[in-house]
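Swiss-Prot annotations:
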- 157-184: zinc finger (ZN_FING)
- 228-301: domain 'RRM' (DOMAIN)
- 329-348: region 'Disordered' (REGION)
- 379-486: region 'Disordered' (REGION)
- 389-407: compositional bias 'Low complexity' (COMPBIAS)
- 415-430: compositional bias 'Low complexity' (COMPBIAS)
- 431-444: compositional bias 'Pro residues' (COMPBIAS)
- 445-486: compositional bias 'Low complexity' (COMPBIAS)
């Protein structure tokens with residue numbers, strides 16, 4: 001290889017690429033993927049030549065994935081560089097070759113020298129624009145491939161591996177462990193080899209798929225010869241009525257196509273029974289339209305309705321089961337007018353009350369003292385505007401006062417500034433507890449101010465004795481007069 005390096009630096013046989021060749025399942029559902037590119041990091045597991053390795057994480061809960069084979073070996077088999085499944089159908093190489101009756105292993109040598117020469121020759125033809133193998137990716141899919149092909153990505157394949165410490169019961173990471181805490185699957189599928197998958201020899205996954213294809217049942221025509229309708233399930237918004245007509249018209253003349261988008265299904269009715277049988281035989285288990293796999297079955301006739309319920313439902317079909325209360329009252333009273341020709345005949349009694357079921361009895365409502373309008377002083381003024389209660393309210397007030405104890409109206413609350421505070425609805429549906437009934441304050445005797453005594457006549461004042469202060473002031477004077485006289 002040294003002499004080739006001297007002539008051409010690009011002729012060393014090592015792969016140089018800017019992007020991998022992978023399937024949609026391995027790429028992941030995240031549209032923003034960060035890839036690590038390492039030139040000549042690993043050797044191909046098929047041809048053992050160094051190649052550019054790409055490493056990325058398909059999703060949040062997925063493990064890191066990397067390319068396993070070089071692009072030269074990938075193009076020879078038209079497979080993914082990671083999972084080694086067919087890029088077009090998503091099937092193993094053994095299933096694809098068996099279904100298409102081809103053997104792609106004859107053209108690929110097994111020895112090291114011949115394999116290297118074959119890979120270099122293929123690269124030279126690819127750079128020159130020569131298609132080395134025109135069958136890969138261009139063969140028409142047959143019945144087996146249509147039955148087994150995967151029409152949607154399978155992202156479950158990107159899950160993390162099983163934790164080996166958890167299997168032994170020694171994992172101490174718990175929820176922080178990046179691996180799955182599950183028991184590994186045992187059986188034939190647990191023993192897989194990458195070379196057997198690439199060459200299509202002794203692949204356990206391929207053998208399981210081939211056995212599944214042989215066990216798929218076919219559609220058996222029903223015994224009723226009048227059934228000419230086929231049921232198509234699993235419809236998508238991408239499939240239109242014209243697509244169904246183009247797919248089914250090749251097997252016979254179509255009478256009607258009815259699509260039920262709410263149930264994601266459709267019904268195709270043929271004019272003849274032979275056309276329906278031919279379409280069911282040729283499209284069973286392999287109906288794919290615009291990349292959407294559809295389910296095909298024979299239609300079933302609708303179950304006949306009971307005769308006794310037919311008369312009861314006629315009155316509710318016209319009104320949707322919801323009758324006006326006036327009509328209900330007429331039906332209950334028996335005054336509903338009868339149609340002409342039905343006079344004197346008894347009408348069925350089962351058609352009156354279908355949706356008009358009486359309401360259940362209301363639960364007992366808790367009554368609080370604050371809910372009594374008479375106790376809270378809720379009086380309505382009369383229309384005369386004289387500030388007196390109306391006749392009804394007055395009568396009720398008299399009745400309440402005569403029957404029991406009455407309470408005066410409480411004074412209005414006082415707010416600072418003369419404005420009432422704004423009302424805010426309760427937050428979060430919380431309702432405040434009911435207000436306690438108004439309690440009248442204790443009654444005290446009215447306060448009477450002290451008043452001066454009334455004025456008296458002059459004669460009466462002379463007869464009355466002088467106050468104590470005057471007597472005390474006049475005492476010494478009288479005493480001196482007496483002493484002087486003596």
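Even glycines carry a Cβ here, placed using N, Cα and C.
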* **Long-range neighbours of the zinc finger (157-184), counting only residues six or more past its ends (CB under 8 A)** => 25-26, 28, 58-59, 61-63, 65, 83, 190
* Over the zinc finger (157-184), what is the model's average pLDDT? -> 90
* Summarise the zinc finger (157-184) by DSSP state, stating how many residues are helix, strand and coil. => 10 helix, 3 strand, 15 coil
* Would you list the DSSP helix, strand and coil counts for the residues of the domain 'RRM' (228-301)? -> 22 helix, 26 strand, 26 coil
